[in-house]
Every structure is written in C-alpha cells, then in structure tokens.
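Peer 1: There's a structure below that I have some questions on.
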C-alpha cells in the first residue's frame with residue numbers, strides 16, 4: 001500500500017519514516033510538511049535515510065491536499081491543524097493519526113491493538129455516520145500508550161483505582177519544546193493537559209470506568225517515559241500471579257504483524273536508557289512490582305515515547321487494520 | 001557552644017560546615033573525618049570556607065574519640081560506622097545525627113521541629129534507660145524529611161493514605177554514589193531501602209498509623225528531591241482550605257531559631273532548579289495542588305536534600321534543643 | 001546615581017539587577033523591557049529580588065524613551081534593537097552596553113578595566129565627534145571578556161600568537177537560545193559570529209595586532225565558559241615567571257571599585273562548576289599552565305559568562321568611569 | 001578464526017562483542033573477565049546479545065591462561081594487568097590490544113590501517129627479536145585514533161605543527177570512571193596522561209616528527225570525542241584543495257575489510273550526537289574547516305571513542321592482518 005506521512009519533518013514524523021523504511025506492507029510514497037520544507041529532498045532533513053526515501057521531495061500540506069492520491073495516511077500533524085485536514089482526507093482515505101484532535105469523539109477509536117482491538121468495529125459506525133469512505137483511527141497520548149499495556153493485564157483482575165506519576169522525556173515536547181536552560185538540572189511537574197489526557201484516554205481505551213489520577217513531570221532524559229504506578233484491584237491476587245500475567249501477555253502473537261513485539265518485558269529495575277529500545281521500541285518494560293496491601297500493588301513501567309507512544313503505535317494500528325481487512 | 005562535625009569532608013559534612021560558619025550559637029571547634037584526611041587543613045578540602053574554619057586541622061575519628069571535648073556533636077558519619085561511635089559519644093555529649101543507625105530505636109527521636117517537637121521528651125527517657133549524660137537525636141532520611149512538612153499539615157484533617165513517587169537528586173547518593181554513565185540520560189527507579197525508610201519513618205514521626213506506599217527514583221538533577229503525592233484524608237475539605245493550611249503553617253516562628261525559615265511556600269509549578277534554595281534550603285515548596293475526589297488530593301513537593309533533608313534539619317534539631325533547654 | 005536597566009527581564013538583565021541591588025553607588029530606578037512585560041511588578045519576573053526592586057513596575061522601551069530621566073543606563077538589549085536606542089540615549093546620558101552594536105566603531109571603547117582603562121579617553125573624542133553629552137561604552141563579547149585578563153598578562157611578554165578553543169555554556173545563548181534536544185548529550189562547534197568577535201575584539205581591546213584564531217563550541221554546561229589556550233610570546237620566559245605574573249596581576253586594587261575582585265586566580269584544574277562564582281563571578285580562573293616549547297605555553301581559563309562576560313563587566317566599566325570622574 | 005575477548009565485560013569489551021557478533025571472519029569462542037564474573041552466562045552481563053554469544057560462559061583470566069586455545073586474542077584489559085598477560089599470550093597467539101602497555105615499545109606497532117598499514121612489517125621484527133610465534137599489535141588511545149585520520153590527510157601537505165583541544169566523552173573514562181556529581185554541569189580539563197599520549201602516539205603513528213600540543217578535557221557527553229584542531233603545513237594549499245583531500249581519502253577501499261567504512265565524512269557542523277555512529281562508528285567526521293593564514297587551517301573532528309577509538313580500531317587491525325596474510 002502506498003502511504004503518505006503528514007508532518008514528516010518533525011520528531012514523530014521522522015520516526016514514522018524510520019519505521020516504515022523497508023516495511024513489508026507499506027511503501028512511503030509522499031512526505032508532507034510545512035511550506036518551509038517544500039521542495040527539499042528528504043535527505044536534507046534526515047540524512048540517515050535510504051536512497052529511495054532520501055530522493056523523495058517534501059511537499060507542502062497545501063499541495064498534498066490538492067491530490068492526496070495514496071492508500072493510507074499517517075498523520076503526525078500538530079493538533080492545531082490536524083482536525084480539519086484529517087477530516088477532509090478521511091472522506092476518501094484511511095487516516096492513522098497521532099494527533100489528539102479526534103481522540104475524544106465517540107465514533108473515533110483510540111486504538112492500542114493489544115488492548116482494545118475490538119474498537120476497530122467503531123470504524124464502520126464512523127463511516128456510516130459521517131458518510132466517509134475512509135476513516136480516522138487515533139493512537140493515544142504517549143504516556144497513556146505506555147501505561148495501557150500493564151493496565152490491560154491488571155484489568156483482568158478488576159482494576160478499581162490507579163495513581164500514576166510520570167517522568168517524561170524531553171523528546172515528548174517536540175524538538176523545540178523545551179529550552180535547554182528550562183530542563184537542565186530540573187524536574188518540571190507540569191505538562192499541559194497531559195494529566196487530563198491520561199485519565200480520560202485510559203478509561204475510553206479500557207472501556208470501563210475506574211478511579212484514576214496522574215501527576216506528570218518532565219525530566220532531563222532524551223527518550224523514554226517512566227511511570228510509577230499504584231493500583232488497587234477488586235480481586236486479591238498474589239504478586240506471583242500478577243507477575244505471571246505480565247509475562248504471559250502476548251495477545252496478538254498469532255497475527256504476525258510486522259511491528260508487533262512482545263508487549264511487556266519484566267526487568268528488576270526498568271530504566272529508560274537500558275530498556276527503551278526493547279522490541280524495537282514497541283515493548284514496554286515493567287518492573288519493581290510489589291504487593292503493598294490487600295488487592296494493592298505498586299510497579300514501574302516505561303516505554304519509548306516516540307515509538308510505542310507515537311509513530312510505532314500508529315503503524316501497529318494500520319497493520320492490525322490491514323490484517324483484519326478493514327483497509328484493503 | 002563548641003561543636004564537632006563528624007564526617008566533615010563528605011557532601012553532608014561540608015553542608016554542616018557551610019551552615020554553621022557564623023552561626024550565632026554554635027562554633028565549629030573540631031572537624032573529624034577518616035584517616036585519609038587526617039592532618040589536612042580544612043581549606044584544602046573545601047576552599048570556600050572562612051579563614052577560621054579553613055585553619056582547622058582535620059582529625060581522624062580515632063583521634064577524636066580519645067578526647068571528644070566539645071559541647072555538641074553533629075554526625076554525618078556513614079551508617080556503617082555511626083552506630084557504635086554515636087553511642088559512645090552520647091554517654092557524655094548530645095549527638096545530633098544524620099545517620100540512620102539509631103532512627104528506629106524506641107527511645108531515639110526522629111525529630112523534625114515543625115512536626116514533632118514533642119518527641120524531644122524522649123530524651124529524658126533515653127538518658128534514664130541507657131544511663132547516659134548525653135543523648136542521640138536523629139533527623140529523618142532526606143526524602144522523608146521533605147515530605148513530612150506537608151504531611152503534617154494534612155494530618156490535621158485526618159491522614160489516611162499516601163502514595164508518593166519521588167524523583168531524587170544525584171547528591172543524595174553521595175559524591176561517588178552514582179557513576180556518570182549510570183544516571184546520564186536515565187531514571188533509576190531503585191534506591192536501596194529508601195521506600196522502607198519513607199514509609200516507616202513517616203509513621204514514627206507523625207506518631208500514628210496510616211497507609212503509605214512509596215516508589216523512589218533517581219533522576220539526573222544535582223540537588224533537590226521532588227515528590228509527587230496522592231493523599232486520602234478522613235475529612236472532606238476544599239482545595240482552598242488545604243491551600244490556606246499550607247500557607248499559614250508556621251509553627252515555630254516565635255522561637256526565633258537561627259536556621260528556621262517558613263517551612264512551606266506554595267508555587268504553581270515547583271521546580272528543584274528554581275526553588276531548592278528557598279529559605280536558605282530549609283523551606284520546602286508545595287504546588288500543583290488539586291482535589292481529585294472526595295477527601296482526595298494530589299500535589300507536588302520538593303526540598304533541598306542536603307539542607308532540609310540532612311545537615312540543615314540536624315542543625316534545626318540542635319537549635320530547638322538548645323532553645324528549649326534540653327542542651328545547656 | 002539613578003540607573004535604568006534596559007532588557008531587564010532577560011538573562012543578562014536579571015544579572016544586572018542582582019548585582020546592582022544594594023550597590024553603594026548606583027540605585028536601580030527604572031526597569032525596561034519589551035511591551036510584553038509592561039506594567040508587571042519586577043517580582044513577578046524575578047521572585048528573588050528585594051522588596052524595593054520587586055515593587056518597580058517594568059516599563060516598555062517605548063515609554064522609557066519618552067522620558068529617560070536617569071543618570072546612567074545599562075543596556076542588555078538584543079543587538080537587533082540596541083543600535084539606535086543606545087545612540088538616542090547617549091545624546092544625553094552615559095550608556096554602558098552589553099550589546100555588540102557599537103563595539104566595532106572607532107570612537108567607542110570596548111572596555112575591560114583591568115586591561116585597557118586608558119581607552120576611557122575615547123569618550124571625550126566620541127562626544128566631540130558626535131555632539132553628545134552622554135556616551136556609549138561597551139564591554140566585550142562574553143568569551144572575549146574572560147580571555148582578555150590572561151592575555152593582558154601575557155602581553156607583557158610580547159604576545160605574538162593565540163589559538164583558542166572555547167567550551168561555552170548554554171546560558172550564553174539566552175534563555176530560549178538552545179533547545180534541550182539540541183545540546184543534550186552533544187557538543188555544537190558553531191556559535192554565530194563568535195569566532196570573528198573573539199579575534200577582532202581581542203585586538204581592539206589589547207591595542208596591538210597579533211595572530212589569533214578561535215574555534216568556539218557550545219557544551220552542556222549551565223554557566224561558565226571554559227577556554228583552552230595555546231600562545232606564543234616574543235620573550236622566552238619560564239613557567240614560574242608566567243605563573244607569578246598571573247598571581248600578581250591586580251592592577252586596579254587601589255581604586256576600590258565595589259565590583260572589583262582579584263581578576264585572576266590560579267587553580268590546578270579549573271572547572272566551571274567549582275570556580276565560576278569566584279570573586280562573585282568577576283574572577284577568572286587560570287590553570288593547567290605548561291610550557292610547550294621555546295616561548296610557547298598552553299593553559300586553560302574560565303569565567304562566569306553572565307557576570308564577568310556580561311553584566312558584571314558592564315557594571316565594572318561604570319564604576320571605573322564614576323571613580324575616574326568620567327560620569328558625575 | 002576463533003577469537004577470545006579479554007576484559008569482555010567492560011565498556012570496551014562489550015563493544016568488541018557487539019562488533020564481532022556475526023563477523024564474517026572471526027567467531028567469538030571465549031569471553032574472559034575477572035574472577036567476579038566467572039561462570040556467568042554472558043547474557044547476564046549484556047542482555048542484548050544473540051543466543052549463541054549469550055550462552056557463552058564467562059571465564060576468569062586465570063582459567064583462560066591455562067588453556068588459551070584460540071586463533072586470535074582481542075584484549076580490552078586494563079593497562080595495569082595487560083602488560084604481562086599479553087606478552088605471555090603473544091608467545092603463541094596474535095594479540096590485538098586496546099591497552100597502552102606495549103604501545104611505546106619500538107617493535108610494537110600502533111596501527112591505524114588507513115594511516116600506517118606499513119607498520120605491520122614490524123611484526124616480523126618483533127617475532128624474531130622476542131622469539132614469539134604470535135605477536136602484539138596495539139591501536140592508539142581513543143582521542144589519538146580519531147585525530148589520526150585527518151592528520152594523515154594533512155601530512156600529505158607537510159604537517160609542521162598541531163594544536164588540539166579535545167572535548168572527550170564520559171564513556172572514555174570507563175563505566176565507573178567519573179562520578180555523576182563530578183562531571184554534571186562541568187568541564188574537567190584534565191585526563192591523566194592523555195595529552196602525553198596524543199602527542200607521542202601521533203608522532204609514532206605518522207612516522208615523522210612535528211610540533212604538537214594537546215589540551216584534553218572531559219565534557220558531559222555520553223559517547224564521541226570532539227577535537228578542535230589548529231594546524232600549520234609546509235605547503236600553502238587552498239581550503240578547496242584540502243577539503244577535496246578529505247573527501248577523497250579512502251585508502252583501503254579495495255581491501256574490502258568487513259569493518260572498513262569511508263574513514264572521513266565532511267559535515268558543516270560536526271556534532272557527536274548526530275555523527276558519532278556514522279560508518280557504524282568507524283567513520284570520523286571533519287567539519288568547520290577554515291583557512292586562518294598562510295599554510296594554516298583550523299577544523300573540528302569527532303569520532304566514536306569506543307568504536308573507532310577502541311574496539312572497532314582493534315578489529316580493523318585484525319582484519320587488515322588477516323587480509324594481508326600476517327595471521328593465517
């Protein structure tokens with residue numbers, strides 16, 4: 001399938017390109033960015049790419065929209081412009097979006113294949129309701145995406161309550177998001193709308209209500225969001241049972257999706273520098289699991305914010321859709 | 001009063017010296033360290049000190065113990081050797097210790113003046129029981145000390161439950177505690193015994209039982225521990241009431257202790273780089289306070305781990321004891 | 001004397017304020033910034049200031065220029081707008097500028113009091129030529145200012161040639177100058193026009209021609225520029241003679257300028273974290289001095305880029321001018 | 001050929017393993033470390049390795065020496081013990097060593113294949129003189145290795161003089177070499193013996209005498225040494241000629257050595273974060289080339305200290321020796 005990447009020159013856009021080079025199902029045909037990059041060869045922006053991708057001339061969003069002749073669109077657009085552009089494209093083409101613009105609409109899935117593959121069924125409803133031939137599928141906010149995998153396992157035992165404190169990497173704020181003097185030697189416990197996103201996306205993804213509260217912070221780490229999690233369940237299981245549930249969680253193994261990796265790996269002391277690249281960035285790490293009371297546990301999880309938390313998640317969504325025949 | 005500082009060349013020991021230079025009540029007479037530093041002028045170790053302090057010749061612990069002729073001892077010894085040394089000295093002399101060796105003994109107070117000044121009464125009991133003329137007073141572990149001030153305010157409303165995730169500075173591990181490659185671009189969610197200390201010291205200091213669980217991490221910040229806190233109270237107060245309680249918390253103002261500063265200052269976005277030095281390192285910052293449910297709140301607090309969390313706390317303990325006539 | 005600070009909310013502007021609070025000769029009367037800060041109390045921008053300074057309402061440059069009724073102006077304006085503004089003000093008022101706009105004009109001194117106090121005489125010439133009552137005195141670019149002090153000492157032995165490689169701090173680029181992802185885990189060997197500035201300002205300041213070449217880099221350090229220097233002299237002196245010349249360099253001691261500190265201190269291994277604050281930021285450190293051939297030496301020097309390299313240098317210039325009666 | 005890696009668990013040792021996994025000529029048979037790691041599977045130390053390598057049981061140096069039955073040894077031993085061990089092994093087996101112990105002996109080559117392949121001829125002399133069947137070939141110190149490639153190109157035009165200031169990465173000091181508090185927010189302009197090594201190894205490798213002086217510093221960068229270089233030649237060439245000489249430098253292309261990559265790539269602004277991995281870590285980057293006077297240039301070069309500067313260099317030496325039939 002021929003694909004276009006919107007926002008191809010940003011941090012997330014570049015990860016889309018990196019992950020889609022040599023993809024067995026999807027072929028990068030068009031790279032779309034702002035007017036500023038229009039006409040440049042992609043290798044001027046990202047010198048590590050293959051000859052084929054490097055030769056692609058970046059086009060402006062305006063030009064692309066005049067003739068969006070691809071089978072599939074990946075969107076890494078800023079939320080401020082993603083809303084309308086994605087709607088326009090979805091009239092004809094499937095759009096897999098990393099932007100938050102449509103996440104909270106009832107007929108748009110926030111998809112994490114290992115967690116809520118069943119929400120793909122929303123697409124039919126979305127198409128009917130909106131009269132579209134294409135559709136929009138979103139992936140969650142980065143820190144939510146990383147957290148979802150362990151919460152899915154926990155939900156098997158009746159998830160009642162979650163307190164989570166995140167330590168998020170600089171790259172989550174975009175290339176120019178944080179000045180060096182702001183974050184150097186610092187922890188900044190404020191990320192705009194992030195806590196709201198984690199709390200609300202989590203409930204929509206898991207599909208049931210539970211108590212959840214997040215404190216989100218930015219720390220001087222390049223890539224990889226770490227999250228300290230306290231949970232309360234409705235069943236009283238042992239730490240061994242839970243550990244076993246984490247270890248055996250491998251729900252989509254049989255589908256052989258190209259980007260799929262074992263979703264959770266357990267390490268005694270999970271650390272972003274050591275573990276963010278596991279499973280080519282698609283695996284999250286869980287560790288330091290302890291039982292802290294009847295039905296209560298604490299643990300630490302982490303994952304690559306730009307892969308599992310952004311581009312990689314979106315690609316896995318497209319792979320699932322393709323495998324299940326939702327896109328043809 | 002003439003004081004000795006044990007472990008004077010370490011990170012905490014140097015903060016003791018810095019804070020006690022020009023102290024109105026205490027005069028540094030003796031600086032004690034390991035055999036390795038014996039005989040050096042203190043200015044060879046810490047070039048920023050005054051002429052008087054710089055001229056003091058560092059003596060070995062062994063030599064000091066032969067003739068510990070001072071009114072007061074501050075101990076920044078490593079826990080591995082603090083136990084016996086402090087006991088020996090306490091037979092005759094008041095010892096204010098930053099080591100954990102004696103913290104968990106029933107007749108030894110873990111003192112935070114603003115929180116549990118009443119525990120000073122344990123000293124009389126300690127002296128009787130052990131037949132000592134001196135005594136041992138400890139201050140808490142650094143991350144506990146910082147957390148105690150806000151928890152004290154919360155305890156006025158019936159503290160039932162605390163989940164806390166810490167983001168602790170490199171300097172908390174000592175000068176050689178972490179190698180650069182370990183912590184660079186990393187978060188390490190493991191600090192030996194730290195979670196146990198926070199949970200158990202907190203209950204001893206506040207003097208009642210409550211549910212508490214901590215996840216402690218090390219982040220690439222030089223100084224200042226940041227803590228993300230989720231609490232549940234037995235009373236249902238408003239966020240304004242709680243904010244007001246934080247703002248008005250100033251319990252020892254009247255005692256005019258030299259190192260005392262307003263214990264809590266509220267900032268919208270507390271950050272170690274900006275706020276760790278408030279109140280000369282004795283003030284903790286609280287911020288991002290939100291109500292997250294009936295009787296439930298979340299907030300962030302931070303403080304200087306080497307001052308409020310170590311040397312400064314110990315000095316305040318000595319000042320309180322002196323003011324109240326416990327040491328003469 | 002009543003002073004105004006232009007650009008008072010930027011990094012350098014804030015250092016001006018910090019250094020001028022409680023200054024014995026100069027009193028901060030007016031704080032001037034962009035339209036965006038107009039009307040704010042200064043304490044909203046810099047919470048650490050005294051009550052008096054905190055109470056000052058920031059005014060816009062436009063408003064200030066309508067009524068610039070002060071005895072002295074310190075300018076931390078960006079070079080893009082400093083040129084005309086400073087000229088306008090200098091018609092009536094002495095302007096001490098940290099901007100590069102006028103540095104390279106023949107009748108404007110680039111002043112470093114310990115190095116070329118005699119260039120103050122240019123002022124009379126400047127006033128005559130331009131018909132001004134006030135004048136403009138500039139201080140050098142930050143990395144030049146730090147380097148000048150050791151080069152002055154070397155020039156006593158016939159400075160023939162300098163190769164210098166700088167390792168400059170993040171704060172030299174301004175608060176938003178570098179994004180965290182750019183400089184994190186990186187060295188960036190490019191700073192716009194910096195090498196040209198060092199080479200040309202050095203010759204103008206020292207007042208004679210010599211071979212000079214600089215490579216300037218940005219490193220992940222908050223404050224303090226470090227410089228590795230290779231020099232060739234016309235005299236063949238010993239390392240001891242040169243070391244002695246560094247140690248005894250103290251040319252303005254007798255003037256008792258409030259901001260003056262011994263200009264050079266020698267340390268075996270100069271390091272920005274340990275030494276940038278010596279002399280309240282006005283002292284540069286020299287170290288690792290070695291003779292590497294006949295008439296050839298290498299050494300390392302460093303200094304605080306925002307103090308010695310910017311605001312502090314400018315204030316020392318004003319103090320010298322005041323002491324010598326150039327401003328009254 | 002079956003190879004053993006000595007010091008296989010250290011930073012350099014792990015890079016040896018990473019680079020030799022799937023090597024077409026060399027097969028890792030034995031992994032040797034200190035007594036402490038004896039008996040552990042290698043995957044317990046380095047979890048990223050392949051199944052085959054992960055299954056290898058680490059043996060102690062003592063055990064290995066009893067039966068060193070391999071075709072080739074790579075040594076990443078600390079210099080303190082490398083001397084005698086390597087000599088003992090070289091009686092029978094070729095040893096490619098990253099240690100400095102034998103570098104300065106007349107009959108031991110410091111080999112950089114692109115620079116002084118002809119020094120391989122020393123081996124025959126070494127074997128005769130010492131009565132060995134094997135031999136020792138060393139690679140240079142990390143910062144020397146990176147610098148050699150550009151200096152080789154310059155030497156074609158008569159290299160007369162070099163001043164170099166290095167900005168070296170933390171990993172050059174080993175895993176525990178620098179504490180986090182030492183290097184955080186700091187530049188440390190002292191690395192033991194490093195300046196001596198650069199100056200003396202450079203002359204031995206290039207095979208002629210020239211003036212050279214180095215100032216070496218440690219900066220807060222994980223991997224990649226950056227070097228600011230000032231040179232003087234005996235010929236007066238243009239910057240274009242020199243640039244062309246850098247671009248066309250590709251001396252061993254025809255040998256098709258597995259680890260060989262184009263040795264020099266030119267980038268406008270070389271940066272360790274962006275360029276240290278070029279050529280799989282074997283390519284050095286040169287940039288910012290400017291002519292600064294008649295016969296004088298300045299430029300910046302950088303390379304991966306653990307690959308080009310250590311393990312990769314040593315492997316390239318072995319590949320060259322194998323290709324040329326020196327080892328069979």
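Note that the numbers count up from 1, one per residue, in the order the chain is shown.
Cβ atoms are placed via backbone N, Cα and C, with glycine included.
Pulled these from TrEMBL:
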DOMAIN    D:2-123  domain 'Semialdehyde dehydrogenase NAD-binding'
ACT_SITE  D:142  active site, acyl-thioester intermediate
ACT_SITE  D:225  active site, proton acceptor
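Please situate the listed features within the shown structure.
Peer 2: Along the domain 'Semialdehyde dehydrogenase NAD-binding' (D:2-123), the predicted structure has mean pLDDT 96.
Taking a C-beta cut-off of under 8 angstroms and a sequence separation of 6 or more, residue D:142 (active site, acyl-thioester intermediate) has the following same-chain neighbours: D:168, D:172, D:225, D:305, D:306, D:309, D:310.
All protein chains shown were included, and the count of other CB atoms within 10 Å of the CB of residue D:225 (active site, proton acceptor) stands at 32.
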Peer 1: Over the span of the domain 'Semialdehyde dehydrogenase NAD-binding' (D:2-123), count residues by DSSP class, listing helix, strand and coil in order.
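Peer 2: Residue counts for the domain 'Semialdehyde dehydrogenase NAD-binding' (D:2-123) by secondary structure: 51 helix, 25 strand, 46 coil.
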Peer 1: Which three-state DSSP class does residue D:225 (active site, proton acceptor) fall into?
Peer 2: strand
